[in-house]
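The next block holds one structure in the form of structure tokens; read it before the comments.
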């Protein structure tokens, strides 16, 4: 049972990576918009796409953690 809890915790750590990645991307997007305000529309589109992909990894990690806890392989 201990190893299952450790495995679930490691799978749930994907949320930390996603949070850091989204934070860095948002900071760079703000810098880019401050340099080129006319490109803000395109930058926001790319930021939303990148944020969605990064958040998907966190959701997959959460699902794996839940599956480890519930199904106990």
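Note that Cβ sites are derived from N, Cα and C of the backbone, with glycine treated the same way.
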>> Labelled transmembrane segment by Swiss-Prot, one stretch among 4-24, 25-45. Can you tell me which?
In response: 4-24
>> Validating a neighbour-count step here. Other CB atoms within 10 A of the CB of residue 55 (site 'Reversibly protonated during proton transport'): how many?
In response: 15
